[in-house]
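**Student:** First, the structure itself, so that you have it in front of you.
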């Protein structure tokens, strides 16, 4: 059996190159048998597979690299990594909660302070509503600093459940390995890759959204109790009992459809726009080495500037698309608190909506589909209708 035998090449140490090297070395030493030199380089018999039953070689498969059992730094540390993500997410959620709290109160139309007269960039007199900082100071005056964190507990639980759900889905349905496609000649392959990745992200986002939405509803209702100074929803367990008793199982999923639609539109819009911009407007020949010779003489710097531009493109597209999908977020949050027995979900703050489409049409007529999208410069529009106190 020669070194070039296809049955030996996959498992023999060194393969054909090792056997050829043995022959060359034997010839240099004056005719020593090549087989002796080859046997001297072979591993001990205890570690050598039978030639007719070769032992399968260890493959650096995607499962090991993705965090499967036995993966260095991933398989055994997966629970630790997931717990770290949950902890970091909880910290970010807690820090950003006052911002979202004020935003929700503005979304439901609660304006406890009257607008003030100011001038715009053209010098015209306009009415401005209080900014985020002024609104936050008002909440501190009424409820103290701890009042800025009303409804934080169910929101922390919602985000943690969403993170754990996404991590579990990645283990059960691991994503396929994708190759980096950046050439305009590979547009079909690249577009298929984007569609496949976006479909996978959409599946994870929709499932995690559905599982975490009941806690999101509880968090929203806990926060809007500030409007009427109610205490109907005080804890997670008691809130679950109240919602189930008054509204049934569907009460936990009010406002879910606009949130899901917003997530789907955001994912597809952001990924497809970023893909087409990167494919048609970003030049792969851009190099950061002098003279434009970096791609041949320094492969490590190949497409470095193009890759940097691509990374920023998706970020910018995310901001732009999130502005376009904001009405879905607004309608979903309003439906979560509408007609639930709280003052913020009843007239004069809001009519009782029959469906999320009814809510959308009402806000569109009032010119309020982007209410709460800006927290710094909030100008009173001509069609605004607020319940001022």
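Here the Cβ of each residue, glycine as well, is placed from N, Cα and C on the backbone.
Per Swiss-Prot, compositional bias 'Gly residues' is recorded for 15-33. Annotation source Swiss-Prot lists omega-N-methylarginine at 29. Summarising the annotation, Swiss-Prot assigns region 'Disordered' to 1-78. Taken from Swiss-Prot, the feature repeat 'Solcar 1' covers 81-176. Under the heading repeat 'Solcar 2', Swiss-Prot lists 192-280. The topological domain 'Mitochondrial intermembrane' annotation in Swiss-Prot covers 1-93, 177-209, 280-322, and the record cites a curator's inference as its basis. Under the heading topological domain 'Cytoplasmic', Swiss-Prot lists 105-155, 230-254, 343-371, citing a curator's inference as support. Marked as transmembrane segment by Swiss-Prot: 94-104, 156-176, 210-229, 255-279, 323-342, 372-389.
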**Student:** Cβ pairs under 8 Å only, please: of the recorded stretches 94-104, 156-176, 210-229, 255-279, which one is richest in them relative to the transmembrane segment (323-342)?
**Tutor:** 255-279
**Student:** Take the topological domain 'Cytoplasmic' (343-371) and average the pLDDT across it for me.
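**Tutor:** For the topological domain 'Cytoplasmic' (343-371), the model's average pLDDT rounds to 94.
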**Student:** Between the stretches 94-104, 156-176, 255-279, which wins on the count of C-beta pairs under 8 angstroms to the transmembrane segment (210-229)?
**Tutor:** 156-176
**Student:** Using DSSP, how many residues of the repeat 'Solcar 2' (192-280) fall into helix, strand and coil, respectively?
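**Tutor:** Its residues divide into 79 helix, 0 strand, 10 coil.
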**Student:** Which residues of the same chain, at least 6 past either end of the topological domain 'Cytoplasmic' (230-254), have a Cβ under 8 Å from a Cβ in it?
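**Tutor:** Sequence-distant neighbours of the topological domain 'Cytoplasmic' (230-254): 153-154, 157, 210, 213-215, 217-218, 221-222, 335-336, 338, 340-343.
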**Student:** Per DSSP, how many helix, strand and coil residues does the repeat 'Solcar 1' (81-176) have?
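**Tutor:** Computed counts for the repeat 'Solcar 1' (81-176) are 65 helix, 11 strand, 20 coil.
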